[in-house]
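Report on one structure; see the data block that follows.
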């Protein structure tokens with residue numbers, strides 16, 4: 001304890017990282033260890049022992065907190081920046097909720113294509129809700145602190161809904177392939193029971209892959225600064241703050257990406273190779289054009305999902321010297337643009353949904 005009765009504070013450098021961290025020690029540590037052992041001329045073994053014990057404090061997730069980041073360099077304008085963000089969130093949530101409501105309530109939309117579309121809207125709603133509180137909390141209240149357990153929970157759901165969206169896009173590609181290549185057996189192949197199994201598999205795969213990945217972080221030490229680069233908890237961002245060896249976590253993370261979005265993207269590409277082959281075998285030019293036009297919405301949805309995702313991965317891996325606002329911009333595009341654009345894409349390209357939405361809005365207007 002110092003002269004004023006406050007807990008002592010030690011400052012030391014993380015080995016091989018050159019980063020300093022302040023660690024507050026409790027009375028129990030003060031009783032068990034002689035702080036003079038920290039001096040330059042004292043025994044090295046005592047200093048190593050003290051360093052190990054102090055580092056154990058970072059294992060206690062109850063007291064560990066992270067600091068989220070808004071838009072670096074524009075903290076003074078966060079209130080103004082929150083206005084377009086709030087509009088984007090409202091548009092994304094309302095658009096996806098409307099599509100989900102129309103598909104579930106209109107019997108004419110109880111078909112495989114629209115069931116997959118409702119799954120896509122569900123994942124988009126989940127992505128928006130997962131980040132809404134922390135993003136707007138930073139812009140409105142400057143609420144940057146987030147506890148370790150809350151950060152793990154947010155990170156789990158962000159990546160879960162990301163993996164689920166990738167899986168749903170793959171299922172939609174399979175739906176297009178069956179509809180074009182084998183339309184007579186479409187109803188017998190994609191039955192309601194099979195669609196339910198696909199939906200269950202989408203959730204199960206993401207959960208099984210992410211659970212060990214997140215649990216591994218609970219047993220590791222964080223020795224560097226706890227400032228994250230984004231306004232939400234993102235796995236590669238949290239990994240950069242680890243004091244412990246990250247080889248196992250990096251390997252698990254790579255396996256998770258390859259086995260989800262990596263495998264899905266390959267099969268989506270393969271599906272479109274088979275779709276193109278099937279379309280080219282159609283004799284009528286008009287029928288070929290019609291078959292291709294049914295895939296435009298899905299191709300656009302795949303592009304706006306994978307391009308920001310790949311861009312963010314490249315920024316985290318190779319963008320060490322990029323301006324601080326670049327990762328923030330790409331991170332927000334990665335999570336906001338797909339939920340925002342998917343309802344617009346499918347309402348414009350799918351005439352049935354557009355008519356149903358207009359019918360719903362008009363009927364509400366007449367009742368008012």
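Backbone N, Cα and C define each Cβ position, glycine as well.
Note that the coordinates shown come from a computational prediction; the quantities given were computed from them, not determined experimentally.
If you check TrEMBL, you get these features:
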- 77-104: transmembrane segment (TRANSMEM)
- 95-346: domain 'G-protein coupled receptors family 1 profile' (DOMAIN)
- 116-141: transmembrane segment (TRANSMEM)
- 156-178: transmembrane segment (TRANSMEM)
- 198-217: transmembrane segment (TRANSMEM)
- 251-275: transmembrane segment (TRANSMEM)
- 296-319: transmembrane segment (TRANSMEM)
- 325-345: transmembrane segment (TRANSMEM)
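In this chain, the transmembrane segment (325-345) lies apart from the transmembrane segment (198-217): fewer than three C-beta pairs between them fall below 8 angstroms, excluding pairs fewer than 6 positions apart. A contact links the transmembrane segment (251-275) to the transmembrane segment (156-178), because at least 3 Cβ pairs that are 6 or more residues apart lie under 8 A.
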